[in-house]
Amino acid sequence: LTCLICPEKYCNKVHTCRNGEKICFKKFDQRKLLGKRYIRGCAATCPEAKPREIVECCSTDKCNH
């Protein structure tokens, strides 16, 4: 599995996940509309969203755009 790993909206930096990491995720703060920073990466399970945070998980290559 390969996931995107950069914080910008348009990301093309790809990371190969380790064994056991079968999920790509993207999370961001729903309050910040301007200058939004995304946290992307690989995970074994989908990270839990904190208050006012949006987390999206998927399981195909580069799906966390």
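Using the three backbone atoms N, Cα and C, a Cβ is placed for every residue, glycine included.
Going by Swiss-Prot, these are the annotated features:
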{"type": "DISULFID", "residues": "Cys3-Cys24", "note": "disulfide bond"}
{"type": "DISULFID", "residues": "Cys6-Cys11", "note": "disulfide bond"}
{"type": "DISULFID", "residues": "Cys17-Cys42", "note": "disulfide bond"}
{"type": "DISULFID", "residues": "Cys46-Cys57", "note": "disulfide bond"}
{"type": "DISULFID", "residues": "Cys58-Cys63", "note": "disulfide bond"}
Protein Cβ atoms within 10 Å of Cys11 (disulfide bond), excluding its own: 17
Rounded to the nearest Å - Cα separation of Cys42 (disulfide bond) and Cys11 (disulfide bond): 15
Euclidean distance between Cα atoms of Cys11 (disulfide bond) and Cys46 (disulfide bond), Å: 20
Cα within 10 Å of Cys63 (disulfide bond) - qualifying disulfide-bonded residues among Cys3, Cys6, Cys24: Cys3, Cys24
Candidate nearest Cys11 (disulfide bond) in space, where candidates are the disulfide-bonded residues Cys3, Cys17, Cys24, Cys57, Cys58 and distance is Cα-Cα: Cys3
Tertiary neighbours of Cys24 (disulfide bond) (same chain, Cβ under 8 Å, six or more apart): Leu1, Cys3, Leu4, Cys17, Arg40, Gly41, Cys42, Ala43, Cys57, Cys58, Ser59, Thr60, Lys62, Cys63, Asn64
